[in-house]
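As recorded in Swiss-Prot, the features of this protein are as follows:
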- 24-44: transmembrane segment (TRANSMEM)
- 72-92: transmembrane segment (TRANSMEM)
- 98-118: transmembrane segment (TRANSMEM)
- 128-148: transmembrane segment (TRANSMEM)
- 159-179: transmembrane segment (TRANSMEM)
- 194-214: transmembrane segment (TRANSMEM)
- 263-283: transmembrane segment (TRANSMEM)
- 300-320: transmembrane segment (TRANSMEM)
- 329-349: transmembrane segment (TRANSMEM)
- 357-377: transmembrane segment (TRANSMEM)
- 390-410: transmembrane segment (TRANSMEM)
- 423-443: transmembrane segment (TRANSMEM)
Amino acid sequence: MALLNRLAKTFSPYYGLNKVEQKLLIKIDWFILSYCCVSYFINYLDRSSINNAYLSGMQEDLKMHGNELQDINVVFTCGYIIGQLPGSYALQRVPARLWFSVMNILWGLMTIFSFAVHSVRALMILRFFMAVAEASTFAGTHYILGAWYKESELCKRAGIFSASGLVGTMFAGYLQTAVHSSLNGKGGLSGWRWLFIIDGILTIPLSLYGLFLFPDVPETTKAPYFTEQEKELSFKRLPARPKKKPLTLKAIKDIVRSWRIYGLCILWIFSGETQAIAVNVLMGQWMKWSNKFSVAQINNYPTVITAVGVVSTLGASVISDKLAGNPRWPFGLFLCVITTVSATILLAWNVPDGAKFFAYFASGCTYAGQAVWFSWANDICRDNDQERGVVVFLMNMCQNIWHIWWAPIMYPNTDTPRFIKGLIGLLVVGGIVFVSSCIVSYMQIRDKRIKRSIQDAKDFDDVFTEHESLELKKIGKNDEESLNTTNAVKEISSPGLVITRQRISMPKETNAQD
């Protein structure tokens, strides 16, 4: 029984809550996570489908040659980058249920239209605008999660969301296999064209579901499934936030002057690159180069990396929320260790295949950083909703900008199978992630200390003012005694801040009688 209680305390997201809050949290989880996770799943299903379509007949049908697939993916990434800041601004002004649903419908329609393309140029144009519509999904979801969940609840939900995208990556290959075997040639369409039709159709019911049932944010929610008591509790249970204001030029200047935007963007830029072994398909390229493995093995074995990513993401999310004080920096050390071990084994190269498999599979653990770092960004910027929205989108945008030039330089296909340059870079990247996580942690602690000092000073000032008021009441209006007040210096000290208050009052005129 004690073991079951311990497991429940560790893994249950509702352990220790009263019935009212537990019921509220179950509703939030269902209506937010169900929509966001399915959306992200389809998002990654679509991203992976372009590569599967290429291998399943699209190359021949569109007469693709050279690096045209890479060019299509670069165009997609450019659209994704361009869509970040408009998406951030829109979610500050437009209800999330409207923005997400409209973007998903546009994205779904353009995915369906992809079945009709007959040139690479037409496909590039569609992929560009699909990426713009898709750009709000990832960072926008992290922004919404940060609006609904406490610091101790957030990372678990972010982990589930991140894992859903990884599952979409795994599922894409299986879906393409099923579609190609059952629909290829039906209606005069190739299997890859049917894949785009199916991917697009999946988004339409999801968009309608979000339009009517997604709850927006606690302060403005009109979701019919929340009672009035639950609506009030949904924002009262969270730390107090300043009233939401428009994103003005002054607000942008304040955000740019803060360390947060730079520290968190640098952290995610390099943390995203720790996923290089998986993202750049190094394992599949080695397996194909070695001529030891069948086509099925080359397609299926690398999915273990993604499976490891799912497990490590969920595990890191649970642990992060359960650690006392919810520290996030230890995961910088974790990513540094994983990248160092994997890169060192692969740089050595002349090791048994089993060691190579271990290095490739272990690299899947680097996916764990995504949920942890975006939860951390929400925690750090919780006191400024404008900054929080801008920072989570900029983190995602900056990482994509970095990756668009980093990957071709560090992991070109000509370096197959060893990728020595990229793996040396991976060692450096792991170290930068650890150092930057420590710096961000230090700055967060410093901010909390200053904020606590200011609050202590305010509390003291309130008490001091109340004491003065009581003293004046005691004196009374008709008190004929003179009030001689000498300099009264009140000094309080707290970590990082010293506040001194000096009160000086002139003596009243005294009677002339001796």
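Glycine is treated like the rest: Cβ placed from N, Cα and C.
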Paired segments the transmembrane segment (128-148) and the transmembrane segment (300-320) in contact, 3+ CB pairs under 8 A:
no
Most CB pairs under 8 Å with the transmembrane segment (194-214): which of 72-92, 98-118, 159-179?
98-118
Select the range from 24-44, 98-118, 159-179, 423-443 that forms the most Cβ-Cβ pairs under 8 Å with the transmembrane segment (300-320).
159-179
Most Cβ pairs under 8 Å with the transmembrane segment (390-410), selected from 159-179, 263-283, 329-349:
263-283
So what's near the transmembrane segment (98-118) in sequence-distant terms, Cβ-Cβ under 8 Å and 6+ beyond its ends?
35, 39, 46, 62, 87, 90-91, 126-127, 129-130, 133-134, 136-137, 140, 189, 193-194, 196-197, 199-204, 206-208, 210-211, 214
Name the range, of those listed as 72-92, 329-349, 357-377, 423-443, that has the largest tally of Cβ pairs under 8 Å with the transmembrane segment (159-179).
357-377
Would you kindly list the residues that approach the transmembrane segment (423-443) from elsewhere in its chain, counting only those six or more residues past its ends and only Cβ-Cβ distances under 8 Å?
259-260, 263-264, 266-267, 270-271, 273-274, 276-277, 327-329, 331-333, 335-340, 342-344, 346-347, 369, 376, 380, 410
Between 72-92, 329-349, 357-377, who has the most Cβ pairs under 8 Å to the transmembrane segment (263-283)?
357-377
